[in-house]
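Asks: Structure in structure tokens, see below.
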Number of protein chains: 6
Amino acid sequence: MSGSTFTHFDKEGKAVMVDVSDKKETTRSATAMGRVLLQPETMKLIQEGGFKKGDVLSVARLAGIMGAKKTPELIPLCHPLMLTSVKVDFELHPDENAIDVIGTCKLTGQTGVEMEALTAVSVAALTIYDMCKAVDKGIQITDVRLVKKTGGKSGTYEAK
Amino acid sequence: MSGSTFTHFDKEGKAVMVDVSDKKETTRSATAMGRVLLQPETMKLIQEGGFKKGDVLSVARLAGIMGAKKTPELIPLCHPLMLTSVKVDFELHPDENAIDVIGTCKLTGQTGVEMEALTAVSVAALTIYDMCKAVDKGIQITDVRLVKKTGGKSGTYEAK
Amino acid sequence: MSGSTFTHFDKEGKAVMVDVSDKKETTRSATAMGRVLLQPETMKLIQEGGFKKGDVLSVARLAGIMGAKKTPELIPLCHPLMLTSVKVDFELHPDENAIDVIGTCKLTGQTGVEMEALTAVSVAALTIYDMCKAVDKGIQITDVRLVKKTGGKSGTYEAK
Amino acid sequence: MSGSTFTHFDKEGKAVMVDVSDKKETTRSATAMGRVLLQPETMKLIQEGGFKKGDVLSVARLAGIMGAKKTPELIPLCHPLMLTSVKVDFELHPDENAIDVIGTCKLTGQTGVEMEALTAVSVAALTIYDMCKAVDKGIQITDVRLVKKTGGKSGTYEAK
Amino acid sequence: MSGSTFTHFDKEGKAVMVDVSDKKETTRSATAMGRVLLQPETMKLIQEGGFKKGDVLSVARLAGIMGAKKTPELIPLCHPLMLTSVKVDFELHPDENAIDVIGTCKLTGQTGVEMEALTAVSVAALTIYDMCKAVDKGIQITDVRLVKKTGGKSGTYEAK
Amino acid sequence: MSGSTFTHFDKEGKAVMVDVSDKKETTRSATAMGRVLLQPETMKLIQEGGFKKGDVLSVARLAGIMGAKKTPELIPLCHPLMLTSVKVDFELHPDENAIDVIGTCKLTGQTGVEMEALTAVSVAALTIYDMCKAVDKGIQITDVRLVKKTGGKSGTYEAK
């Protein structure tokens with residue numbers, strides 16, 4: 001716990017876009033992860049798909065990258081940002097019928113990019129869902145979380 | 001399993017926005033859920049917050065409703081839709097330090113609204129994350145899934 | 001007064017996008033107006049401007065038309081709509097140093113287009129402001145209101 | 001009057017996004033205001049509403065904050081900006097059946113944020129309109145204007 | 001020549017979003033094409049790229065599909081539409097160092113989808129440009145045109 | 001040829017938004033051109049139109065300027081940018097029944113603005129198309145290309 005009140009509300013409980021005018025510009029990065037749980041048959045289709053049947057993951061990757069750029073439109077109190085790098089990657093765990101989505105964002109600016117990384121992961125995961133939902137109605141998106149964060153006043157954070 | 005190939009790719013594996021021109025217009029609805037896991041102190045802050053310290057959930061509710069409208073911009077192969085109803089609600093489970101997010105979308109149209117409901121839930125959950133991240137770095141968004149779906153050729157679906 | 005509670009909140013006071021699924025599709029139109037108050041010199045510049053110095057009003061007209069299309073992105077609980085017509089016009093009142101902005105929207109649908117007409121007027125007025133602000137810092141946008149509305153259950157409304 | 005031609009047109013009267021490449025980055029802020037005129041019963045509903053019946057003003061506040069971020073999409077010749085702070089507040093004047101909307105934006109950049117503050121105010125006011133229009137058809141948005149501006153070459157401006 | 005005045009201006013020369021309220025809903029489709037001219041080495045890279053080096057065309061395909069959905073935001077007087085199908089495809093002509101981009105859009109509605117098909121083609125072509133510009137500065141996008149159009153009052157049109 | 005691999009893919013062929021975090025901020029500009037080919041009668045209508053019948057080119061100019069600002073939403077791997085200047089101009093060649101569209105963008109930043117200039121040109125050309133398509137079905141957009149580029153590591157580039 002690094003505080004005991006919400007920063008996105010003023011003293012009277014009114015929502016604000018936090019004033020970061022006086023924060024220093026530092027290089028910041030954030031990595032988030034999430035997991036998509038599928039049925040074994042869906043998992044197999046995605047793995048085979050790479051080339052012949054259609055590449056689910058490359059569509060999801062692009063959606064995640066473009067989603068990161070939309071963060072300030074989606075999250076009401078997020079600042080507009082100029083991301084200098086967005087990367088979305090996947091790790092397949094066929095034994096667990098799971099795909100891990102990993103998103104990393106960077107910029108030099110006055111505010112962190114956790115929400116951008118988390119949005120990239122969420123949108124990529126939702127896109128996997130969309131592309132597989134006709135063959136698999138029980139898909140779950142789970143464990144969406146911050147994995148690592150560098151830069152800014154609070155320094156480096158790494159999830160245990 | 002209701003099929004064995006992806007509908008979002010054609011026979012050569014190329015991504016397409018599925019042609020729904022010949023589908024009948026029916027009334028469709030979809031309900032999705034997700035869960036935000038917080039630290040006990042954060043949970044308490046949100047519960048108290050309602051009025052005095054700032055209402056996290058009413059910000060997240062609006063973000064979810066507005067997010068549902070952005071689905072076709074976020075999910076590459078989703079059709080543009082004219083939602084006739086969007087509802088986002090929350091269930092607090094203080095004993096589990098969890099907030100359940102429930103999103104329901106409706107329309108009369110040629111294609112379902114699962115992705116809209118799932119996007120509403122994801123954006124609302126991300127907004128809770130954003131507003132609490134200064135006090136709680138270990139938040140997780142989990143169990144994002146379809147709960148119920150009515151209308152369309154495949155009829156009613158209910159998750160077990 | 002046509003009611004005594006807000007339609008955009010449910011019984012517990014939670015914001016919702018009102019469910020219009022069961023409303024009939026009717027042809028609807030709405031006309032809104034607003035007024036921009038300028039300094040006499042600015043008024044003159046705009047009038048002369050038409051061709052030689054740059055046509056403030058044709059830029060504002062386009063901005064208003066495009067703004068109407070953005071209404072569901074701007075007003076949180078507005079439904080996405082398929083406008084079939086948008087018109088933005090101006091009346092110059094040099095004796096009052098005022099420009100009246102008139103916006104009319106139409107569609108066949110389940111919900112009215114007042115907010116679209118009002119948004120068209122507001123965005124057109126803000127654009128006039130933007131283009132004149134370097135020469136006139138005291139501009140005011142005033143009297144933005146609904147003038148007429150047809151279609152829907154409540155029928156025709158005309159402001160007195 | 002600080003000039004006698006429009007800066008948004010070139011010498012031949014063609015619209016341009018003014019070249020600010022050579023302007024210095026300074027800290028800039030702008031505060032705008034506007035007023036929403038309601039019927040006495042609507043005013044009462046809003047005041048009571050705060051908690052039980054639904055909080056019109058907190059929805060409008062969020063809409064205003066998100067609207068400020070959309071300014072460069074709405075106003076054709078506005079530059080894209082990275083706002084570092086947005087604040088939207090309300091003052092209730094029950095004796096005048098009026099709600100004043102106050103919007104303040106900040107950034108460090110090459111161009112001012114008046115349009116962002118005015119857009120925040122306009123969108124917040126339109127949202128109040130939207131949420132009350134079912135109970136009050138005669139609402140007016142009025143006196144939208146710049147109140148204060150600091151930073152930039154022209155320095156501090158304060159409306160009389 | 002099917003007329004002698006512009007439909008997007010009224011009698012006084014003012015831009016309008018043409019009123020299609022009274023047009024019949026018919027099934028409409030449009031196919032557009034365009035060509036990207038590259039250097040021979042770039043052409044080779046794209047052809048090899050498919051799998052190992054990165055698939056330029058599948059990125060461009062998605063961009064084109066998503067671009068079609070953005071048409072009413074890009075083209076000022078276009079109506080908002082609910083596309084029921086978007087398809088973007090490519091034909092490689094290595095002997096001419098050219099890639100043909102073909103875009104097809106469909107909907108049932110009151111207005112045609114030519115602009116959507118042309119926008120899909122343009123955005124896909126621009127995306128090929130973007131991905132190849134580091135290795136090839138002389139790329140050209142050329143011959144962007146309507147190829148076929150069905151539905152609507154004017155019936156089927158086919159380019160010679 | 002300034003390289004032999006695509007910068008928008010990593011070593012495994014996965015699409016990335018290129019990391020420009022370590023690039024220096026320099027002043028950059030880019031000019032792009034394109035050509036719209038029309039029938040002689042359409043050309044005449046546009047030339048006459050300027051004032052009386054509606055000014056096609058001033059609508060297209062605005063669309064191009066606003067389109068430049070949308071580049072990062074349209075081109076999947078483009079960085080979000082803060083353009084400091086956008087200019088769109090036209091040259092009429094009645095003898096060739098052609099309109100040349102010229103777009104110039106500027107900023108101080110870590111990445112170039114070619115795609116912004118090319119998008120401005122494409123959107124302006126598509127808008128001319130849209131406004132003339134009712135009277136001329138054979139319009140073509142052609143020769144969209146980069147003309148000049150300054151700033152950045154690779155320095156000035158000028159098309160032959």
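Even glycines carry a Cβ here, placed using N, Cα and C.
Sharing the record's features from TrEMBL:
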DOMAIN    A:17-152  domain 'Molybdopterin cofactor biosynthesis C (MoaC)'
BINDING   A:LEU77, A:CYS78, A:HIS79, A:MET115, A:GLU116  substrate binding site
ACT_SITE  A:ASP130  active site
Asks: At a 10 A cut-off on CB-CB distances, which of the binding-site residues A:LEU77, A:MET115 has the highest count?
Replies: A:MET115
Asks: Could you round the CA separation between A:CYS78 (substrate binding site) and A:ASP130 (active site) to a whole angstrom and send it over?
Replies: 26
Asks: When you measure from the Cβ of A:HIS79 (substrate binding site), which residues in the chain that are at least 6 apart have a Cβ under 8 Å away?
Replies: A:MET17, A:VAL18, A:VAL20, A:PRO72, A:GLN110, A:THR111
Asks: Can you tell me the CA-to-CA distance separating A:LEU77 (substrate binding site) and the residue listed as 'active site', as a whole number of Å?
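Replies: Each residue's Cα considered, A:LEU77 (substrate binding site) and the residue listed as 'active site' end up 27 Å apart.
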Asks: Give the residue counts of the domain 'Molybdopterin cofactor biosynthesis C (MoaC)' (A:17-152) per reduced DSSP state, in the order helix, strand, coil.
Replies: 50 helix, 45 strand, 41 coil
Asks: What number of additional C-beta atoms lies within 10 angstroms of the C-beta atom of A:ASP130 (active site)?
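Replies: The Cβ of A:ASP130 (active site) has 25 Cβ neighbours within 10 Å.
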Asks: Across the domain 'Molybdopterin cofactor biosynthesis C (MoaC)' (A:17-152), what does the mean pLDDT come to, as a whole number?
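Replies: Summarising the domain 'Molybdopterin cofactor biosynthesis C (MoaC)' (A:17-152) by its mean pLDDT gives 94.
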Asks: If I restrict to non-local contacts, at least six residues apart, and a C-beta distance under 8 angstroms, what lies near A:GLU116 (substrate binding site) in its own chain?
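Replies: Residues satisfying the criterion: A:ALA30, A:ALA68, A:THR71, A:LEU81, A:LEU83, A:VAL86, A:CYS105.
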Asks: Which of the binding-site residues A:LEU77, A:CYS78, A:MET115, A:GLU116 have a Cβ less than 8 Å from any Cβ in chain F?
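Replies: Listed binding-site residues meeting the cut-off: none at all.
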Asks: Across all the protein chains here, work out how many other Cβ atoms are within 10 Å of the Cβ of A:CYS78 (substrate binding site).
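Replies: Around the Cβ of A:CYS78 (substrate binding site), 25 other Cβ atoms lie within 10 Å.
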Asks: Using the alpha carbons only, what distance in Å do you get between A:MET115 (substrate binding site) and A:ASP130 (active site) once rounded?
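Replies: One finds 22 Å between the Cα atoms of these residues.
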Asks: Suppose we call a site close when its Cβ is under 8 Å from a Cβ of chain B; which of the recorded positions A:LEU77, A:CYS78, A:HIS79, A:MET115, A:ASP130 are close?
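Replies: Filtering A:LEU77, A:CYS78, A:HIS79, A:MET115, A:ASP130 for a Cβ under 8 Å from chain B leaves A:LEU77, A:CYS78, A:MET115, A:ASP130.
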Asks: Among the recorded positions (A:LEU77, A:HIS79, A:MET115, A:GLU116, A:ASP130), which are close to chain D, meaning C-beta separation under 8 angstroms?
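Replies: Out of A:LEU77, A:HIS79, A:MET115, A:GLU116, A:ASP130, A:LEU77, A:HIS79 lie under 8 Å of chain D.
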